[in-house]
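Enquirer: I have a structure I would like to understand better, so I am pasting it below and will then ask my questions one at a time.
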Amino acid sequence: MDQLISQLNFKSHNSIIHSVDSIGDDTCYVLDLSVTPNLLAAAGSNYLIKIYDRSNNTILNVLSGHKDAINETKFIENTNTLLSCSSDKTVKIWDTKTGQCSQTINQQGEIFSIDLNGDILAMGVGSMVVLYNLSTKKMIRKFDCSHTEDVTRVRFHPIDKNKLVSCSVDGLICMYDLEQADDDDAIVHVINAEDSIGNIGFFGSAYQYLYTLSHTERLATWDLTTGLKIKHYGADLRSTLSDRYKFEINYFISCIYDNASNQLILFGGDFNGTGHVFLVTPDEVIQISKLENVHTDVIRNVFWDKFKSELITSSEDSKIGFWTNNPSITNILKINNDTSSNKMKDDKLKSKKTSPYNK
């Protein structure tokens, strides 16, 4: 039965140009965003990270030290400490109040992704997954055989922190049980997505599902309990949505899970800076909102602050956009990821506990 749900209806309330006057002409792409209730960290294509005060969007500090592209940033929860990883083969730990780098962690390859579980730092280093203890400043473990190409994302499970998921250009999604001492036993699932994976995220009431976005803009969902595919939304979802809604979809950015409504939201856009917001249901992808009249180029990042009901976006036009959600009521089938898996299509891939290279 159709249920009335609150529609996401984002309206722009502010935007800023990502530049620092004192450093001259340093306007640049914003490659990654990290946000706390009070701070916003924006990593630029000029290898600088700028720290903004969210109350007035003024710049508090500029973090300088990386020598190559900054791929991901993470705040340590409830602190002003920021971690950043880079293609310069380092992770840097920053005091955002002073702007100083307190530690540099050197690795053997480019670091494309990081995630945190207390003192444990997970890194995607080249084709390896490396675990590092921030307290002892020592590497504690590495998985160097689970992937054959660059690891693009590492993510700790939101509830079961002993579980870690990685994805790679090699098309594999690996789930690890870090309580297992033996590396082979620790690899719970090796899933072949048959496509280079660029982004992943958890969803479901117990975060028992995973979404994947490939570098070819393909969306799929997976059951982490079984390692089986739930749904693949088509080889050319962009064209499907463009034809259905009569506007251009050139790329997808990421998905955000709203646990209050149990809904998975997909963000995409066009090359002229218009963003599109979609509801991912068990059977299809439904357009529910637009992000208009702020950006003029590709949108790189979205961050949804559910507590402040604010969406933050960054783009290749050097702008950071701030959007307020003004909900309206629409008649759309509400997604229920806990009860509707039996409605989802077949086309499942079995998980493999054998060699991850058997494709």
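Cβ coordinates come from backbone N, Cα and C, glycine included.
Note that the structure is a prediction, hence the values are computed from the model and not measured.
So Swiss-Prot lists the following for this protein:
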type: REPEAT; residues: 23-62; note: repeat 'WD 1'
type: REPEAT; residues: 65-104; note: repeat 'WD 2'
type: REPEAT; residues: 106-144; note: repeat 'WD 3'
type: REPEAT; residues: 146-186; note: repeat 'WD 4'
type: REPEAT; residues: 192-232; note: repeat 'WD 5'
type: REPEAT; residues: 294-333; note: repeat 'WD 6'
Enquirer: Count, for each of 23-62, 106-144, 192-232, the Cβ pairs lying under 8 Å from the repeat 'WD 6' (294-333), and report the range with the highest count.
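Expert: Counting Cβ pairs under 8 Å, the winner is 23-62.
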Enquirer: For the repeat 'WD 2' (65-104), give me same-chain residues lying six or more residues beyond its boundaries with a C-beta closer than 8 angstroms to one of its C-beta atoms, as numbers and ranges.
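Expert: Residues packing against the repeat 'WD 2' (65-104) from afar: 31-36, 39, 41, 43-45, 47-49, 51, 110-116, 121, 123, 125, 132, 134, 137.
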Enquirer: Give me the DSSP three-state residue breakdown of the repeat 'WD 3' (106-144), ordered helix, strand, coil.
Expert: 0 helix, 26 strand, 13 coil
Enquirer: Determine the mean pLDDT over the repeat 'WD 4' (146-186), rounding to the nearest whole number.
Expert: 97
Enquirer: So how many of the residues in the repeat 'WD 4' (146-186) end up helix, strand or coil by DSSP?
Expert: 4 helix, 18 strand, 19 coil
